[in-house]
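Swiss-Prot has this to say about the protein:
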REGION    1-55  region 'Disordered'
MOD_RES   SER7  phosphoserine
COMPBIAS  43-55  compositional bias 'Basic residues'
DOMAIN    83-171  domain 'S1 motif 1'
DOMAIN    187-258  domain 'S1 motif 2'
DOMAIN    365-436  domain 'S1 motif 4'
MOD_RES   SER438  phosphoserine
DOMAIN    453-522  domain 'S1 motif 5'
DOMAIN    542-611  domain 'S1 motif 6'
DOMAIN    634-705  domain 'S1 motif 7'
DOMAIN    727-796  domain 'S1 motif 8'
DOMAIN    844-909  domain 'S1 motif 9'
CROSSLNK  LYS1028  SUMO1 cross-link
DOMAIN    1034-1107  domain 'S1 motif 10'
DOMAIN    1148-1222  domain 'S1 motif 11'
DOMAIN    1230-1298  domain 'S1 motif 12'
DOMAIN    1324-1396  domain 'S1 motif 13'
REGION    1351-1370  region 'Disordered'
MOD_RES   SER1362  phosphoserine
REGION    1404-1530  region 'Disordered'
COMPBIAS  1417-1433  compositional bias 'Basic and acidic residues'
COMPBIAS  1434-1447  compositional bias 'Basic residues'
MOD_RES   SER1479  phosphoserine
MOD_RES   SER1496  phosphoserine
MOD_RES   SER1501  phosphoserine
REGION    1547-1589  region 'Disordered'
COMPBIAS  1578-1589  compositional bias 'Basic and acidic residues'
REPEAT    1602-1634  repeat 'HAT 1'
REPEAT    1778-1810  repeat 'HAT 3'
Amino acid sequence: MAAMEESFPRGGTRKTHKSEKAFQQSVEQDNLFDISTEEESTKRKKIQKGPAKTKKLKVETRQSSKFVREKFEILNVESLCEGMRILGCVKEVNELELAISLPNGLQGYVQVTEICDAYTEKLNEQVAQEEPLQDLVGLPELFSPGMLVRCVVSSLDTTKGSKKNVMLSLNPKNVNRVLSAETLKPGMLLTGTVSSLEDHGYLVDIGVSGARAFLPLQKAQEYIRQKNKGAKLKVGQYLNCLIEEVKGSRGVVTLSIGHSEVSAAIATEEQSWTLNSLLPGLVVKAQVQKVTPLGLTLKFLSFFSGLVDFMHLDPKKAGTYFSNQQVRACVLCVHPRTRAVRLSLRPVFLQPGRPLTRLLCQQLGAVLDDVPVQGFFGSAGATFKLKDGTLAYARRNHLSNSKKTFKPEAFKPGNTHKCRIIDYSQMDELALLSLRTSIIEAQFLWYHDIKPGALVKGKVLTIKPHGMVVKMGKQIRGLVPTMHLADILIKNPEKKYHVGDEVKCRVLLCDPKAKKLMMTLKKTLVESKLPAITCYDDAKPGLQTHGFILRVKDYGCIVKFYNDVQGLVPRHELSAEYVPDPESVFYTGQVVKVVVLNCEPSKERMLLSFRLLSDPKQEGEGQSQKKKKAVSAGQLADVKVLEKTKDGLKVAVLPHNIPGFLPTAHLSDHVTNGPLLYHWLQTGDTLHRVLCLSVSEERVLLCRKPALVSAVEGGQNPKSFSEIHPGMLLIGFVKNIKDYGVFVQFPSGLSGLAPKAILSDKFVTSTSDHFVEGQTVVAKVTNVDEEKQRMLLSLRLSDCTLGDLATTSLLLLSQCLEERQGVRSLMSNRDSVLIQTLAEMTPGMALDLEVQEVLEDGSVLFSEGPVPGLVLRASKYHRAGQELEPGQKKKAVILNVDMLKLEVHVSLCHDLVNRKAKKLKKGSDLQAIVQHLEESFAVASLVETGHLAAFSLTSHLNDTFRFDSEKLQVGQGVSLTLQTTEPGVTGLLLAIEGPAAKRTMRQTRKDSETVDEDEEVDPALVVGTVKKHTLSIGDVVTGTVKSIKPTHVVVTLEDGIIGCIHASHILDDVPVGTSPTAKLKVGKKVTARVIGGRDMKTFKFLPISHPRFIRTIPELSVRPSELKEDGHTTLNTHSVSPLEKIKQYQPGQTVTCFLKKYNMVKKWLEVEIAPDIRGRIPLLLTSLSFKVLKHPDKKFQIGQALKATVVGPAESSKAFLCLSLIGPHKLKKGEVAMGRVVKVTPKEGLTVSFPFGRVGRVSMFHVSDSYSETHLEDFVPQQVVRCYVLSAATPVLTLSLRSSRTNPETKSKITDPEINSIEDLEEGQLLRGFVKSVQPSGVLVGLGPSVTGLARHPHVSQHNQSKNAPYDRHLPEGKLLTAKVLRLNHQESLVELSLLPDATGKQDVLSAPLGQPPPKQEGRETEAVERNHEGKAKEKKKQKQKEKRTGKGQEGAQPPSKDKKEPQKPQAKKLGKRPHPESSSEQEIGNKKQKKAALSEEDDSGVEVYYREGEEAEEMSMLPKEKLTRPAEAPRLQLSSGFVWDVGLDTLTPALPPHGDSSDSEEDEKPEQATQKKKSKKERELEKQKAEKELSRIEEALMDPGRQPESAEDFDRLVLSSPSSSLLWLQYMAFHLQATEIEKARAVAERALKTISFREEQEKLNVWVALLNLENMYGSQESLTKVFERAVQYNEPLKVFLHLADIYTKSEKFQEAGELYNRMLKRFRQEKAVWVKYGAFLLRRGKAEASHRVMQRALECLPKKEHVDVIAKFAQLEFQLGDAERARAIFESTLSIYPKRTDVWSVYIDMIIKHGSQKEARAIFERVIHLSLAPKRMKFFFKRYLDYEKQHGSEKDVQAVKAKALEYVEAKSSMMDD
């Protein structure tokens, strides 16, 4: 029975007596919520009466379930009633009405007079004036599709077809009629319309009597900027308004329409909503009461109940709802009679003010096959799933043709049906379907399905004087005007047509928006086979069609076609004979046949003729010959395309339609453009200015080549051989190609031969390689034979140059691109959206794409283009070396559009995607990189800016052949001269290529870590390699050791040949940890065997068989085993290539390798196994010790021999082996390995990655041997952890971080043992676990990764035994609990637990009985406390979670009062009543928190600080507010880590004061207001004195000079008192930046620059640097450049350059930083600081070689006196950032030249102490104290030596240094005595 009672929603409709009705009505007015209580008690009494009422009870139960089903029925028109308030969405906007989408697929309409009273008044005023008003705008400007609106059903009109039209009203007076001025509260969300514009804001009509609403301008600015596009609000504009303040006495309401405030608005109990006043669109917090298949019942605002039907569940959470679940819901409608409230859980409704996404109507009317059923809901209907994944819905009456044929079993989930989309419901985000056969087979469903010119069938509905109405479907009506009932006018149409007759019509006009359809029944038009003209673009000259005369005038006839297209037949075209009076011959409505003479679509003008042209196919032969005489060779004419053939186009020569043929090759001068034009030309297209080449009996041969047309027009067309003489240059085309030469024909028909010998300046192997048939060429006549009518021609470029090659090149390029643009125009006329989109795409356009597939050749295919089906491709080169995966989002730039293959070539290159805005100059010479190649032109990108430019690959019509060596390649560098500075319609700049000598080699995209880049060449190897040698493999040679390096030894052989011995070829058995090269000494004679050689240029190790071995550096071996070897068995292994050799190494194999260096950037050790085999040891594979991983350079020495295990080829390059020093080559169960944290998932665990390419997961049960709720907070991404592999059975490893696993030898204490299965548990065992969830059956506690226990309700807490106890508030997921195992069920794997104190020995999990009110507090009524206890419990839980997260929480801290709203700005602080003082212990806790907050702030900056301050402010609100507002204790403005000017503005972190709301919550205010009326006179006097004291205290605070600035006015006062203090100005800027007010921060900076005195140069520079920082972070590159240029003008340029370089570096804009440093090196080449900073920059980026080159350049540019300092600086940098060995070499070289530079010695000593060993440090001290220096300097070094030994040495070492100093003093004294 309890369940039955819950099923009754609020507001039932059971029958009641009149007295009972009256009683309920009075109760509702007093306390609406007592009804449910009385009903429950009544029902309980009935139950208690005993078995006598059992039968009646069953009936009641059945009725109640039926009642629930009725309530869950979806809305229909019958369930609506007048006055019902409902939420809707604007679907369509027309001039006079709005179409509103309502829930459950309903639709209503709002008339233009139902917007608001002010708008209606404006309309009436406009009608009265008969002139449009300026301040009155139409509905399309006030409303847009997708807007959510609150409506009221104003009327339900019934049409003739018994269909109801739902008429709605948006007028606030109707919508908000249920509210009164007294019920308005701050925080309420209302809707209103703008009624007028005032000086300081807007008056808003909210429709509440007795209340006036005002919207201040500042509260509307955000909305105006974001939603209104900067325009002011208009009268009638619909707004979602939040009440900010209510002034009760005058009824004035202050509103806000800010997006953040409105979207966060939520209805609360404090706002005193009732069922009568509840408005649609309100967002409420609700609790799920019951879950049914049809939907949910919710409880909200404590007392109200509501329904959520299946359409309005959250699609992502459907099926997961459970009882007592807390959700947020939106009110959809409230029925005024039944009081039923319907709600929605869809996320889109939970943010008020957010518009709904507009559904695409492309498929509207589409018939779909095999659509599967997703769910069947009985009488409500069924849902279906479409192919694209979207949901669709069909009502019950649309599931079958009739009720009799309906079969419910046919709609089981998964069954498929044929259906048709009939509409879209935006409110439900669903497509509406119908399965009715009549609808599926209907020709048209909606007006937009009907196209002008289409044939349609319909039934006569009515016959009226103005025409006949025809019905063509359920929704479609059309009109046949009286004029169109027949070919001639009929007087009595009712005699010919009858109601119900089926008629066949042709559509004249269809306007879907206006639902206007006009048709014709004229037989000639209906049965016409001629093409119909439906738009002006269809009207091609020569087209014949039917139309009807609209008007007859003196000047001719106006003929109308379809879709309001009309044209004029001039008087002289009415007939072949003169027509004196057109009105006597023609009449209106007459059907006529016309031919199009001319049409201008842009002007909508068309010229027609009744004098029909003859069809050439039907002409007689004699007439045809007669017309052909009208065309002669050399004549220009327009042609119309008739048909396409294999080789060209069949055309008709206009105006006489003479048949002709236009070959494909003759469409263009450019060979590639001919097929392109042929492909896109269509039948009916007209080509202008076509040249007639020849006229024969069969056909007329035509040509469209612009070069030939220009030659004919220019008179360069000799018609006979007598007009031709040697030396003439003629333009023709290749007619035929033979082995011996090429025949060229000219426009007049003459032809000549170009022999092979003079065909080209280049050697001609095959004539067909140089020319193709139909190609346009320029020929020079070399010989003429008039008798034989022959001539010889030359096609060589040197003979046929027409002028400047550069000009010709540009002309050819322009012509080629212009023709391609013409092709785009042809494409844009096609119906296909794909082709139209391709036509609009031009090079240089940026696209946001998604990677679809990476092909085997390295190229990439993309999806997510502008239209589906578009092929977008990036070549391997244009991947720019990026690692891509399917689904990855990328930004790309279009390079070229292939209009034949319908492909778009794009590039991901960084320089192209991030194009720079720089002004270009015409004629400037620029470097460019070739990005794309076509046959006739190339597309290149300018190096400086990234702009795309096109340049011709040919400089002449004959210039078509290139040898392979001359051909350009993608990536090759070229020099271009710009001819245009702005890209035209083609999207490309035009340019001319410079000399070919300026071309550079192709820029290959290669891996940043290749063998070539890593190869470091020993300078000793470069010397002496010029000589050839006669050595061969196996020869034994002798030599002298020249130098010793860590991994190799350089040896000088006979005849000065240099050889090399690798560390692996010195000893047979190398002890681990030793350096083999140390065995050899400089000058020692060695005997070695030649085993290979290194190339002189590349220094790569070459195999034996290499042909250039005689010019290599011999590779030697001194290993005893190889020296004793007589044969070549050992040596033959060196003949294998390195890559093949690497493949021979097997994973798990142990090798000896030699450390070359530690790569700090890539975090690996680089080692050499052999001269040609190198490897990498990732840092995580070097050791299991965290100490070693932290400082690997201290553990491993360069040149040291290491034993390593082969893992496999390196991931980044197959030229390297991946090695490991910790043993295993693959991860398996039981292994311990080092990994790196990739992700930390709260309440779940960690994800860890390994160098082996594997990934593993660590459960929260395996993080530590002792559980903690916060132990996951100790981990951050990229942190190194030691892991134990528990399982490797799946691709994702199972790991453990427990010390008992990773360090078993430590024998650490195990507080919480591992629980992997139920077998690990025993009954009575005490253990700890984490709360997983709270279920109706009890609390689920996780005991291990796969073991979960259940604590049933009686075993959870001793305070409450109810099953419905809200434990989830007190036992959140992840909470750590101690439990006792009560029972184990091994068969069902069930574990029963107890959490009770007597079982666990711990405190009760619930500190107090649930539902018990907290202790009564001062100044509060008990009622308010009880009512708000639940809300406070939530706030307390949130606060505890925040304290846990930030690490600042303390036990016993007072939770804050329930906040009404989070303030948006830190400065927004209201003064109000002061709270009661708190206890001293709470104050101490607050002080601790404040100190912690201040400490944590020092290590952070920027935006993060801003948000942290927001959190701290919330926490500080827990402190006594008296303390917070005391000015003496207000926190001061703080700067993190000192004041450094070259850091970002975000490090300036003003410690803004906490912005807690000083007034109490609304719950506290109500009782105080109630008691305020009852105060005595004495109390009022005391209150007045108290208020005066508070006011004086505030005034004192404002006068305090040390007061913390809280607003812009405060900062203005400060900068007024100290105008030249940059610190204050920067704090002012930071204040604005933290509020994201970028423009205001800029304005402050500009004020500072104007205000600060010109004498304060440093202060001004500080502001300039801050402004640069601001523009770098928030501005564009252009704005940053402008500020930088200004800063350089007003400050010392070098300082500004250096600051900007640092800004770029710190913001990781390394490319910009590099470019800036290059500019600085050119401008400040005499400044050593620039060179040193650039060197440091490169070293930090890992570019050591580049840094070395910079040092060499610095020494060339700087004066000699600076050299030593620069060298020392670079050496210092090498020690710190680069190779320590190289740094030592630089210092040693410098000190050998300048041995008395004590400053260099001092720096060298510092570096050795810091980066070297103690042995090295003592060695250098020994050297320096034996130098011959001045005694004063020697004293300095002795003192340093002594200090060093005191710190690092023993007492013996200290005494030794003292003895040496004494010895030095005695020696000096004896010398002075002598």
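Each Cβ is built from the backbone N, Cα and C atoms, and glycine gets one as well.
The structure displayed is predicted, hence computed values, not measured ones.
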Proximity verdict for the domain 'S1 motif 9' (844-909) and the domain 'S1 motif 11' (1148-1222), three or more C-beta pairs under 8 Å: no
For SER438 (phosphoserine): DSSP state (helix, strand, coil): helix
Three-state composition of the domain 'S1 motif 13' (1324-1396), taking helix and strand from DSSP: 7 helix, 38 strand, 28 coil
Intrachain neighbours beyond the compositional bias 'Basic and acidic residues' (1578-1589), with Cβ under 8 angstroms and 6 or more residues off its ends: none
Range from 542-611, 1148-1222, 1324-1396 with most C-beta pairs under 8 A to the domain 'S1 motif 12' (1230-1298): 1148-1222
The domain 'S1 motif 5' (453-522) versus listed stretches 83-171, 365-436, 634-705, 1034-1107: most Cβ pairs under 8 Å: 83-171
Per Cβ pairs under 8 Å, the stretch of 83-171, 542-611, 1034-1107, 1148-1222, 1324-1396 packing most closely against the domain 'S1 motif 4' (365-436): 83-171
Helix, strand and coil residues within the domain 'S1 motif 5' (453-522) as assigned by DSSP: 7 helix, 35 strand, 28 coil
